[in-house]
């Protein structure tokens with residue numbers, strides 16, 4: 001047979017040629033692809049000449065790829081910054097402006113039409129145009145510097161040395177303008193997903209639950225103690241856990257009209273919401289499910305800000321004798337990363353900062369005088385309203401008012417356009433107008449950004465120029481949205497925390513569900529004055545911690561107790577617990593804390609579980625109990641306990657709630673901080689009706705029953721998903737982190753762009769907060785620290801930082817993915833600030849006037 005085949009090939013040589021081509025094609029395509037990538041490598045050394053420059057600029061890249069930009073004047077320095085960022089992030093900048101303006105369909109195709117419709121409905125482009133076109137800006141200089149920055153970006157675009165993503169998509173970038181930048185800046189201020197999902201799901205569950213209260217699923221911080229920023233700093237006297245709720249909040253006794261169950265789960269302020277009109281029936285709830293499903297399926301290449309840790313140490317508590325700032329904002333993991341790290345200097349100005357790559361001013365920065373960081377405040381500045389619309393008018397109390405409209409067509413890949421318009425009420429845009437199949441009452445979105453002044457570019461400009469806390473505070477107080485927690489330290493030993501962003505005041509009080517919009521009774525009637533926002537300045541205890549937890553348990557002027565989508569208190573409580581353990585802290589100590597993976601809830605939780613479930617029935621169940629008993633509460637790659645604990649946590653939550661919520665609502669619930677707050681309460685409450693499994697007729701399950709069942713199910717899950725051998729039930733075999741690229745979904749070549757999945761320390765609700773989609777059983781982390789940094793004013797030039805993957809998003813750059821191993825290993829990199837530290841650098845690019 002073999003001889004016949006050889007003769008056949010000799011007689012037909014084209015067959016052998018074809019076989020050779022088939023065998024070598026993958027190698028050939030591989031070489032062609034990487035050859036094309038190499039041709040598009042950015043120019044990091046040499047000379048750039050432009051008539052837009054008015055003085056020389058030098059850009060030195062250090063060993064990590066961080067550009068150090070030193071210019072003779074502001075105009076030239078910002079030109080160089082724009083050019084430099086474009087070298088590394090031009091495709092990311094392309095996506096940023098298209099997200100801000102709702103123009104993704106033009107490059108990704110018609111499957112992105114719903115996403116564009118939603119983004120346009122947020123009025124980001126509309127408000128950006130209005131802001132950019134104002135005649136009298138607060139700081140005209142800020143807009144000049146934005147223009148100079150965009151000159152540099154567009155100079156790079158004109159050179160036509162674009163990264164491979166443009167070739168794959170077959171597109172050419174248009175010049176960048178002011179509206180491109182501002183639209184995206186506004187987008188990053190809108191953490192819309194959780195607010196929309198939370199309000200909608202609460203309303204759905206309130207309507208559908210029988211014999212259960214939706215408030216148990218959405219407790220916020222009603223039962224948390226030792227968990228607020230203003231009242232719970234290290235060394236401050238705190239309430240012991242378990243204190244009677246009436247002692248903590250005496251006015252609870254006044255709710256005599258509520259049932260005993262409602263008394264147990266409602267705070268006084270939240271009880272007012274019982275008076276708000278409930279949904280009219282099943283049709284409204286069904287349509288809310290469509291809204292939630294729509295938002296859940298949006299395809300967004302870049303996610304908004306999500307969470308963060310931050311803490312400050314006064315000179316009295318630092319080994320160096322200087323004030324110290326530690327900060328790690330949490331954002332969706334991506335490739336490229338969220339921040340562009342750079343140093344910029346010109347006469348009268350210097351800052352080492354972390355930039356959004358389409359904005360010339362850093363959101364987070366430091367210099368020799370001061371440093372600031374941020375975390376998300378998470379206050380409730382988003383509300384949903386059910387509207388009554390007839391004949392182009394909406395009902396507002398006793399009157400009917402004309403809808404206004406925003407129109408902006410969606411352009412497809414072939415250049416044709418789809419008309420788009422969205423109606424706008426007094427509350428905001430009607431976000432359900434373009435949801436396919438939505439037939440219920442329209443839902444409008446109230447977002448503080450649409451209703452107050454929000455001069456974010458002017459704010460960032462002035463923050464960078466500020467010389468003191470008072471100046472920084474004054475500048476940032478102009479922020480309307482988003483709500484942010486600012487942390488501040490300076491060379492004079494000052495530390496401070498302050499909240500920025502507006503707290504809306506509703507006529508009916510705070511709400512956690514969709515509101516009736518036609519009566520006027522639920523409208524926003526004002527805002528807490530910026531001067532009354534929470535602050536802590538130079539506290540006696542010498543330490544300030546924030547971790548997206550509740551800002552205060554006290555009333556704010558005109559508002560009462562603030563509500564929000566507060567993150568669970570675990571990280572905050574862990575940080576407070578650590579920082580109380582000794583008097584003096586070194587820079588190295590504080591950097592190590594950023595990598596901490598201990599679960600603060602696990603010790604209490606497992607004490608309860610192991611005292612309730614003393615033995616298991618099956619061999620795997622026995623292994624689960626044995627591993628949990630020996631676990632040290634840390635989430636390291638080799639840990640068996642971390643894998644078993646997190647799976648057990650998921651299984652128990654599923655067995656507790658899936659019967660009441662159903663699979664779709666349960667999965668959605670996992671996208672909210674509420675599930676963690678609720679579960680902490682559930683496990684401490686043996687009387688909750690949720691412990692009874694509705695799927696078992698004639699049987700009333702207890703907490704003990706569900707915990708025992710979950711131990712056995714955990715063993716089965718680990719055997720099915722990992723291995724029959726418990727020795728392989730390790731965190732690294734279950735849990736990974738991944739930095740996805742927008743083109744990572746492409747067949748064949750998509751994997752080239754993604755970084756990961758990779759094993760890593762970290763987990764949900766630990767300080768090293770690399771979060772995964774628990775309810776989706778997806779153990780790949782989707783969000784986490786977007787950078788880490790510790791600035792010590794007693795050892796300024798020893799200050800350290802981390803980026804997750806690298807500064808460049810260009811595949812041909814040596815700084816693409818060059819820092820990922822350090823991030824996974826928790827290794828901080830020294831920040832090179834002075835000219836002596838930077839030295840000659842790795843690359844040197846000179847900019848010269850023409």
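Note: Cβ is positioned from N, Cα and C throughout, glycine not excepted.
Taken straight from TrEMBL:
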type	residues	note
ACT_SITE	308	active site, nucleophile
BINDING	380, 382	Ca(2+) binding site
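Of all Cβ atoms in the protein chains displayed, 26 besides its own lie within 10 Å of the Cβ of the residue listed as 'active site, nucleophile'. Summarising the environment of residue 380 (Ca(2+) binding site), the number of other Cβ atoms within 10 Å of its Cβ, over all protein chains shown, is 22. Note: the Cα of residue 380 (Ca(2+) binding site) and the Cα of residue 308 (active site, nucleophile) are spaced 17 Å from each other.
You'll find the Cα of residue 308 (active site, nucleophile) roughly 20 Å from the Cα of residue 382 (Ca(2+) binding site).
Counting Cβ atoms from all protein chains shown, residue 382 (Ca(2+) binding site) has 24 others lying within 10 Å of its own Cβ.
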